[in-house]
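Quick notes on the structure that follows.
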Amino acid sequence: MDKKHILCFLVLLPLNMALISAESEEGVNQTDLGVTRNKIMTAQYECYQKIMQDPIQQAEGLYCNRTWDGWLCWNDVAAGTESMQYCPDYFQDFDPSEKVTKICDQDGHWFRHPDSNRTWTNYTLCNNSTHEKVKTALNLFYLTIIGHGLSIASLIISLIIFFYFKSLSCQRITLHKNLFFSFICNSIVTIIHLTAVANNQALVATNPVSCKVSQFIHLYLMGCNYFWMLCEGVYLHTLIVVAVFAEKQHLMWYYFLGWGFPLLPACIHAIARSLYYNDNCWISSDTHLLYIIHGPICAALLVNLFFLLNIVRVLITKLKVTHQVESNLYMKAVRATLILVPLLGIEFVLFPWRPEGKVAEEVYDYVMHILMHFQGLLVATIFCFFNGEVQAILRRNWNQYKIQFGNGFSHSDALRSASYTVSTISDMQGYSHDCPTEHLNGKSIQDIENVALKSENMYDLVM
């Protein structure tokens, strides 16, 4: 293509792109084909500008001239060499991490395919493993939806239990309720965001305000999850380490930390994104502005890690004071740690880096998706379904139901069931000490002894 044709193209292409933009502003829906065409035309325009502006090759010897092959722009290349660059992102089945190659023959001409006798660029690697990657991506997508769906169902059941049984009401249960509610909201918004926004390429390309608001809410609620986790850690640390005999804690500060503080990084990110990287519905991760969101979350995780280690240290010390068998003491400390690990989000500390290799990357993706998107189910299981007092209350109400409607149980069977329930409640003192006695102020020696043993019994929830 000579300079005259290039100049003509440079004049006509902006007019064509302006017409496409005008159609978008008038409300004409852009299809995937229209988005792809716009990307290719933009790349072609930039390529021809580069061809015109770059200085002429002054090196001696034969070389292939700079050119546009229809999808990518190629610089001058010395004869007998192979040029290489990454695959374009025009098509959904193209992998931008793969490479495109173009060969310059020994005579200084671009390689021609023997079948068509036309210049040819090797794009075969761009979609070589597309089928497998699409299959993996779909599996991860369905895994994400299933994880959030199970999380929503389990968290709603947990909230019904906590609200229905008034005997479970206490400050820590209140924190649990807020934590559960933040996970429910985040799961709902995540499902909507993935199905309605992230999968709609035309919507993402038009970059409307509605999808930016959706991304803002998604990032805010994600922050709420981690900061309500931090609230749980702060509460436990205050209760067990800082002030065992403290009066009732003020929950207002926990509400501010859990619901209020995440608004700050979310708003700062929204302002910065609108000013410096206002594209693709703010979904693109190719920007350092995401550190505005991830920085406070990482800080919350590190603080919670400190709380975890300090709580375990105090628990081991207190368990030694009780003069129990050493193996039993450390077993309870390990179990307490296992309860706190998912609460504090240690999975991001254990898996901070993405490994190299096809199999390793796939395993990493599955593990991270399970850890991230099944968190709600995990939290509901640990703090509700494995809660000893919740199990005792449900068992007691079930036994009362069977006695009331007389499902063939004798009077002695009913008495034995009631006796077993009472003994179970006496044994399961995890939340019994956590709720009614958490506000003691050293009124009696027996009360003080009970509170001293509270940290040991608090984690007898999974026995």
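From the backbone N, Cα and C atoms, a Cβ is placed for every residue, glycine too.
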Per Swiss-Prot, the candidate from Ser97, Ser412, Ser444 carrying the annotation phosphoserine:
Ser444
Going by Swiss-Prot, tell me which one of Cys87, Cys104 is disulfide-bonded to Cys126.
Cys87
Would Swiss-Prot have Glu132 on the same side of the membrane as Glu361?
yes
Using the record from Swiss-Prot, pick out the residue from Cys47, Cys64 that is joined to Cys104 by a disulfide.
Cys64
Look at the disulfide annotations in Swiss-Prot and name the partner of Cys47 from this list: Cys8, Cys73.
Cys73
Look up Ser419, Ser423, Ser455 in Swiss-Prot and give me whichever carries the note phosphoserine.
Ser419
If you count Cβ pairs under 8 Å, which stretch among 139-163, 175-197, 209-237, 289-313 touches the transmembrane segment (366-386) the most?
139-163
Could you tell me how many residues in the topological domain 'Cytoplasmic' (164-174) are helical, how many are strand and how many are coil under DSSP?
8 helix, 0 strand, 3 coil
Of the recorded positions listed as Cys47, Ser285, Trp353, Met372, the one whose CA lies nearest the CA of Gln249 (site 'Required for RAMP3 interaction'):
Met372
Would you mind listing the long-range same-chain contacts of the transmembrane segment (139-163), meaning Cβ under 8 Å and 6+ residues beyond its ends?
169, 173, 176-177, 180-181, 183-184, 187-188, 190-191, 194-195, 365-366, 369-370, 372-377, 379-381, 383-385, 390, 394
For the topological domain 'Cytoplasmic' (314-328), the mean pLDDT of the predicted model:
61
Please classify the secondary structure at Cys104 (disulfide bond) using three-state DSSP.
strand
Between His294 (site 'Required for ADM2 interaction') and Trp353 (site 'Required for ADM2 interaction'), how many Å separate their Cα atoms?
15
Through the lens of DSSP with three states only, how would you label His294 (site 'Required for ADM2 interaction')?
helix
